[in-house]
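Step one of this worksheet: look at the structure below.
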Amino acid sequence: MAVGVFDSGLGGLTVYDAVSKRLPDVAFVYYGDNAHAPYGVRDADDIFNLTCRGVERLWEEGCDLVILACNTASAAALKRMQESWVPKDKRVLGVFVPMIEALTERKWGDNSPPREVAVKHVALFATPATVASRAFQRELAYRAIGVDVEAQPCGGVVDAIETGDEILAEALVRSHVEALKRRMPHPEAAILGCTHYPLMQSVFQEALGPEVTVYSQANLVAESLTDYLTRHPEFEGAGKVSKFLTTGKPASVSTHATQFLRRRIAFEAA
Ligand code: DGL
């Protein structure tokens, strides 16, 4: 069985790392669209077309279930894909749902009226496209009342990570946290709403302070995928081999992936 993991570039590796540890018997095929990253500055049509192309490539690898390990694609393209494009025998799931479930402490299918939740002041760090989509606030509002969300578009961070420039990425994270804190001085929780950002999680935590709970998606998605595969074993695709595909230059993508995950990752051309 094989499951596809899609991202615009390296960020989805944070999700890959968690799901592959949680489900060691499942083969995962990773697709990084590094040639077109970052998605966060693209428009919704562009993100839709690029995401569909990547997902089709993962279907070719025998992955009937694909996780969009990319908030930007989940926010800007997933609904349209599910409504008009994904065939009945395939599934494409995003990374928003497990995060909203964790924050609101309720299951996705729970359609009871929105209610008060423990956290009241939430900082959201995401790409400009995810912030502009307001998808996170919309989904949260269906389920929770009285939560004040302050969103910070973190321009430049994905680019710095993709080019392996950790020093620049760190400086940008600190300045985005400062900018957010000027508008919301005391957030109780912070959402890392881009799968690249856990690669900088310690910097976010340090800049935010120890009293802020930082939610990142990787482990939440791993639990949610485990539960999904137990309930829907029919979507364990026919693929058998784990591999890493990129639309970018395999040698440099492998170097940056190895640098960030601190273990050898070898990409091949998609
Ligand atoms: N990892 C993607 C996300 O979660 C990055 C998006 C981008 O390429 O800008 O949003």
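Note that Cβ sites are derived from N, Cα and C of the backbone, with glycine treated the same way.
In the three-state DSSP scheme, T72 (substrate binding site) is classed as helix. If you look up TrEMBL, you'll see D7, S8, Y39, G40, N71, T72, T195, H196 marked as substrate binding site.
Sequence-distant neighbours of C70 (active site, proton donor/acceptor) (same chain, 6+ apart, CB under 8 A from its CB) are F6, D7, S8, G11, G12, Y39, T51, V95, T195. Summarising the annotation, TrEMBL assigns active site, proton donor/acceptor to C70 (among others).
Around C194 (active site, proton donor/acceptor), taking its Cβ as the centre, 33 other Cβ atoms fall within 10 Å, counting all chains. Among the features that TrEMBL reports, active site, proton donor/acceptor is placed at C194 (among others).
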List the residues in the vicinity of the substrate site, defined as same-chain residues other than D7, S8, Y39, G40, N71, T72, T195, H196 with C-beta within 8 angstroms of the site's C-beta centre. G9, G11, G12, A37, P38, C70, A73, T127, T130, V158, C194
In sequence order, which same-chain residues at least six apart have a C-beta under 8 angstroms from H196 (substrate binding site)? G9, L10, G11, T14, V157, V158, I161, E162
If one looks at the chain holding G40 (substrate binding site), which residues at least 6 apart in sequence have a CB under 8 angstroms from its CB? S8, T72, A126, T127, P128, A129, T130, P153, G155, V158, C194
Which residues of the same chain, at least 6 positions away in sequence, have a Cβ lying under 8 Å from the Cβ of N71 (substrate binding site)? G94, V95, F96, A126, T127, T130, G193, C194, T195, Q217
